[in-house]
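K.L.:
Just dropping this structure here.
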Amino acid sequence: MTSFQSTLGDESGIAEELAKGQREISIAEFFEKNKHMLGFDSGARGLVTAVKEAVDNALDATEEAGIQPDIYVEISEVDDYYRLVIEDNGPGITKEQVPKVFGKLLYGSRFHAREQSRGQQGIGISAAVLYSQLTSGKPAKITSRTQGSADAEYFELVIDTDKNEPEIRDEKTTSWDRPHGTRIELEMEANMRARQQLHDYIQHTAVVNPHARLELREPGLDEPMKFERATDQLPQQTEEIRPHPHGVELGTLLKMLGATESYSVSGFLQEEFTRVGAKTTEKIIDSFRDRHFGREMTWKTPSSREADELVETIEDAVANKGQEATTAFAEELVDIVTGKDRIAHGELLTIVGNVAESVGDDTGKTFGDTVQENIVEAVWPVLTEDRESDVYAIVDDVTTTQKDDAGKVSMARSIATQFAETTGPTDRATYDDVEDFVSWAAERTKEREDETYGETAREKIADAVWSRMRTVEDDVPKVRDIADDRNIARDLLEAMRETDILAPPTDCLSPITSELVEAGLKKEFDADFYAAATRDAEVHGGDPFIVEAGIAYGGDIKSDGSIDLLRFANRVPLVYQRGACTITHVVKDIGWRNYGLDQPGGSGMPKGPAVLMVHVASTNVPFTSESKDALADVPAIQDEVELAIREAARELKSYLSKRRSLQKRRQKQDVIGRILPQMATKLSEVTGREEPKIDGALARIMNNVSVERTIEDGTVTLTVTNYSSTNESPDITDILDVEPLGLNGEANVVDLDGEWFVKWNPTVAAGESETLTYSVEQDASFDINVDGVETEKLTVNA
Amino acid sequence: MASDSKTAEELARERLIDLAAEFYDQFDNGEIPTMTLPTRTKSNIEYDEDSNVWVYGDRTSTRSANSVRGARKLLKAAYTIEFLARQLEEDRSSTLRELYYLSESWDAEEAHFSGQDESNQLIEDLEIVSEVTREDFHMRPEESGATLMGPLELREQTRRGEREIHCQKDVGEGGYQIPNNPDTIEFLDHDIDFVMCVETGGMRDRLIENGFDDDYNALIVHLKGQPARATRRITKRLRNELDLPVVVFTDGDPWSYRIFGSVAYGSIKSAHLSEYLATPDARFVGIQPQDIVDYDLPTDPLSDSDINALESELDDPRFMSDYWTEQIELQLDIGKKAEQQALAARGLDFVTDEYLPTRLDEMGVI
C-alpha cells in the first residue's frame, strides 16, 4: 500500500498552493452566500424579514426617545421589483451615522448592552439593504430628520461587500414633512406569497405593542390595514445593567478580569456585577477562599484537667523570658485555648499573637515572632494529638446505629491519618480533599472491617467534618493574578455561582405586563375569555428574562384545527420556524386536556378556538439562528415559559369548567324545563284538575335561587328561596309605579319621579328562604330585576 | 264474576289516577316528583314465610325528576297512566308492543319510548306502585298464551260471550289456548289427578300422542319455554282452587331450572306478583342431573355460560335447598346436560311407560 505521506512529500509546496486560495472573507460576502441565516432565503420571506427588521428598528428608536410610535409600511410593485417603504416618527439618525447604520453589517448600539431591545446584533436592517442591492441592484434610499433640525438628510447607498463598508451613491439635504423620523426605501426582487406571514407579523406586533400605531399598505389590500393605539402608556424605559454573577461563563469572567480597573477581587465584584454589595462580596470571597485555600480543621481543645500539661509544654518552648513572664504567658494562653470548644491552626496563631502582646505589655518582655512560632509549634501537636477520637465523635454522630463500632473506629482513624499526613502543619483541606479522605477511609474500612460506607454515609461524614472546619483569613489573590490563572478564576467563578445572590434587577426589562397583554389580545381578537400572566424575572447566562403568556378563548376565534400560537421575543413577533422554537416545544409538551382543551393523543398542539401568546423579554434572547425566528431550548427559559403558560391556562381551565358546568346546567334546565310542564299538563288532564305550579320543583331540581311574588289583599310578599348548597346574595330591585308602604324587611326605597325602587340585598343560606313584605294601596305594576346570581341559576316568578 | 271483573278494572283506573294525583300534589307542594320502587335485583328478593313465595325486600330505588333521565321516565309514566286510564275507560286492551309503538304518536317527544324494554319495564313499575296487575290494565303480551290438555271443563268469558269448553273433548290436538287474562275463566268440573307442566313442545306432543293425559288423568300444561304470566297464573289457580298437585317437567339444564323456579317461586322481574303467580308447592320432576347418571342419558357438555348459570343458581335464594344444592353440584361435577327428548334414546314409550311413572311414584304423586 502506498503511503499517503510519501505522496504528499513528492509534491512539495501543496500548502503554499492551497494558501493562494485562502483569504479573508468579509461579513457582507459571507452573508451574500448565507442569506438564509438572516431570514432572506426567498423572495417571499425576504420581504417579510425586511419589513420586520425596519419596523423593529423603528419601534426601538421611538420608544428610546419616549415617542409614541407611528409607523407606516408600504409595499408596491415597481416594474419587476417590489418597493418597500418604512417610515417612523423616531428621533432620526445623525448624518454621520446614517451610512454606517444602514450600510455596514454588525454595526449597532445593542450588541454590547445588557438591556432589552428588539435589535441585538446590528445585522438586520443592513442585511435588508444588502438583500435589496443584491436582487435589484438598486441602492437603498434613506431619509432621516433629527428632532429640531430644519432639513432632512437624504442618502442613496449600497454596501461594499468586500469591505463591509457603506458606499454612498448620492447624498443631499432635502425637506420632509415629518418633524423627525426616518424613512427607508428599498427595492427588491420579491413576491407576496408570504402575505399571511406579513399580515400576522403586523397584527401580532400590534398585539404586543398596544402603544404603537401601525399602518400597512400593500397591493393585495383594498384598504390599508390600520392598527390604532390601545394605550398611551409607553413601555417602561429600560436601564442597562451589569452582568449577574450567576450568569457569566469562565471566558467572559477572564475577559472581565483582564479589562477591569479594579485591583482587588472585592472591588471587581462590586464594580462589574449587578446585585453584588459588600455583604455578598464577603460571602463570595469566603466561598472563594474555601475553594482556593481550603478550610482549616478545628480540633477539640484539651479539658482543664489536661491544662497543666499544656502549660508545661508552653513553658518548655519559651526560653530566656524569665519564669514569671513565661508562666504568665503559658497560663493566659492555656486559659484562652481551653475556654474554646474547638480550635483551628490559624486561630491559634492569632491567639498566640494576642497573648504575646498583652503579656508583653504586662511584663515588659518581648515575645517576638520566633518565640511565637516556637510556641505554636509546641502547642499544635498537643492539640492534635488525638485526632482520631475527635473524628470518631464526628463519625459516630452522623452514622447510623447499625454500623459496627470497629468500622467507625477504622473510618475515624483513616480520616485522622489523612489530616495528619497530607494537610501539612495547618490541617487545611478543601471540600474535595475531605471527600477524598472519607472515600479513602471508606475503602480501607471495607477492606479491613468488611463494613461498607455508601455514598450517602460518606457524604454525611464529609459534610460533618467540613462543617467543623473554619474558613481561613488568608488574603485572596489580586485581580491580575486571577486573570492570569484559569484555575483560580474557575474557583472564583464557582464561588460566584454557589453564593446566593438576588435575582438581577428587572428595570433592564420591559415586560408588556399582564394587563396590557390582555388589552392587546382584546384589541385584536374578539373572544369570550382572556387571561394573562407575567412571571417574575429569572436569569439565564447572566441575562435576566421575563416570560409572559396570554390566552384568548372562544368568541370569533376559529374553532377548527389547532390553536393559534403567537410567539414574541422582546416584543417582536416570531413568524417563521415555529417548529424549531422552544415555545412551541413547551406548548406541545403541556397536557392541555387538563386545562380543558382538546389534544389528540395527549400531546402536541392543542385544538380549539384559542389564541395563545407567549412573550419572552430578555437582555439577550437566545435565538437558534441569526434570522431570529425561533428561541433556543434553554432550560431556564423553558421552565419559565411553561410556568407562565400554565398560570394563564389555569384561569382558562376554571373558566372552561365553569362554562361547561353552566352549559350542562343549561341543557338540563332546557330539557327539564320542557319535560316538567308537559308532565304537569298530562297530570292535570288525568286528574281533571287545573295545572299544578311547578316552579318550586323546578327551582329545587336546578339548585336554583327562586324569587317569587305573592300578592294578597294589597300585601306584596317577595320570597327568595335558595335551593343551592351555598349562600346566595341576590341584588333585587323591584320597581313599582305606586309607593310601597309598611316595608317589612331590610330593604331601601328610592323615589325617582313617580317610580319607586325597592332595593333589597338579602343573604340567603343554603336551603333557606328570606321574605320581604310591603303593601300597596292600588293595583300596582311591578318590574323586578335580580342581579348577583348567575342567570342559569335563577328562577324569577314575580 | 263479570261485575267483579268490572270492579277490578275500575279499581285499576282509580289507582292509576291516584298515582297521577300523587305526582300532581308533589308538584303543587313545590316538591320534586318522585316514584319509589323496590330494587329489582336478585339480592333484593326474600322468602315470604306467610305466602311461601319470594317477594321483593326492603331496598328501594327512586325515579326522581331531579335528573334528566328521571324526569323523562316520569313524563313517560304520566303519558302511560293517561293512556291506560283511557283504555280502561273505553274497555279496550292493547299489547305491550302496541304501547311501545303508540308512544310515537304522543305529542311530547321526550315521552317516546326508546325501546320495548323501556315500555315493558314502565308497565311493571306501574304494576308495583299501583298494586294492580298488568292484566287489569288490559295490557297483554304479544306471544300467544300456552295450551292446556286434560280432563277439565271450564267457562271462558270472551268478547263474543261465554264459552264452555272441555279441555279434551272440545279441543283439537293443539289443546285449549290459555287466554291472556286467565281470571276470566271459571273452572266448572274436572277429573284431574295432577297437573303436569311441560317445557318443550316436543315432549308435550309425545305425552299427548302416548295418551298420558288419559291414562293418568293428568292435565298437561305446555309452558313454551319461560312461561308467560297467564300460564303461571292458571297453574296457580289450578293448584289453589282445585287443590291439585303440580309438577314441572323440563330439560336438565340450568335454564330449565329457572323455568321451574319461576313457576314455583316467582321471577325476579315480577316478584311483586309472586303471590298472584307463583305456585310454591309445585315440584320438579326432571330431567334431574341424577337421572342423567341413573339412566345414562345421551348428553351435551356444559358450556361456560351453563356453568356460570349453575353457579349463579347456587347463590340464588330461590334454589337454596338441600335438594337443589345437591343436584346442581352433581351436574357441575359431571359437566353434562340433557334434553327431555334424550329419554327417546330408550324408545319412544320409555318416558310414559317407565320414566314418568317411576318418578311420579317416587314423589308420591301417583
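Just so you know, glycine gets a Cβ as well, placed from its N, Cα and C.
Marked as domain 'Spo11/DNA topoisomerase VI subunit A N-terminal' by TrEMBL: B:72-138. Annotation comment: TrEMBL describes B:Tyr101 as active site, O-(5'-phospho-DNA)-tyrosine intermediate. Annotation comment: TrEMBL describes B:142-191 as domain 'Type II DNA topoisomerase VI subunit A all-beta'. The domain 'Topoisomerase 6 subunit A/Spo11 TOPRIM' annotation in TrEMBL covers B:194-360. The Mg(2+) binding site feature in TrEMBL is assigned to B:Glu199, B:Asp251.
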K.L.:
Quick one: among the binding-site residues B:Glu199, B:Asp251, which has the most Cβ atoms sitting within 10 Å of its own Cβ?
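P.N.:
It comes out as B:Glu199.
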K.L.:
With Cβ-Cβ distance below 8 Å and at least 6 positions apart along the chain, what are the contacts of B:Tyr101 (active site, O-(5'-phospho-DNA)-tyrosine intermediate)? List them in sequence order.
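P.N.:
When sequence neighbours closer than 6 are ignored, B:Tyr101 (active site, O-(5'-phospho-DNA)-tyrosine intermediate) has nothing within Cβ distance under 8 Å.
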K.L.:
May I ask you to report the DSSP-based helix, strand or coil state of B:Asp251 (Mg(2+) binding site)?
P.N.:
coil
K.L.:
From the DSSP assignment alone, can you count helix, strand and coil residues within the domain 'Spo11/DNA topoisomerase VI subunit A N-terminal' (B:72-138)?
P.N.:
50 helix, 2 strand, 15 coil
K.L.:
In terms of DSSP three-state secondary structure, what is the assignment for B:Glu199 (Mg(2+) binding site)?
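P.N.:
For B:Glu199 (Mg(2+) binding site) - judged by DSSP and reduced to three states - the answer is coil.
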K.L.:
Summarise the domain 'Type II DNA topoisomerase VI subunit A all-beta' (B:142-191) as counts of helix, strand and coil residues per DSSP.
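P.N.:
Helix/strand/coil tally for the domain 'Type II DNA topoisomerase VI subunit A all-beta' (B:142-191): 3 helix, 24 strand, 23 coil.
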K.L.:
For the domain 'Type II DNA topoisomerase VI subunit A all-beta' (B:142-191), what is the mean per-residue pLDDT, to the nearest integer?
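P.N.:
Mean model confidence (pLDDT) across the domain 'Type II DNA topoisomerase VI subunit A all-beta' (B:142-191) is 86.
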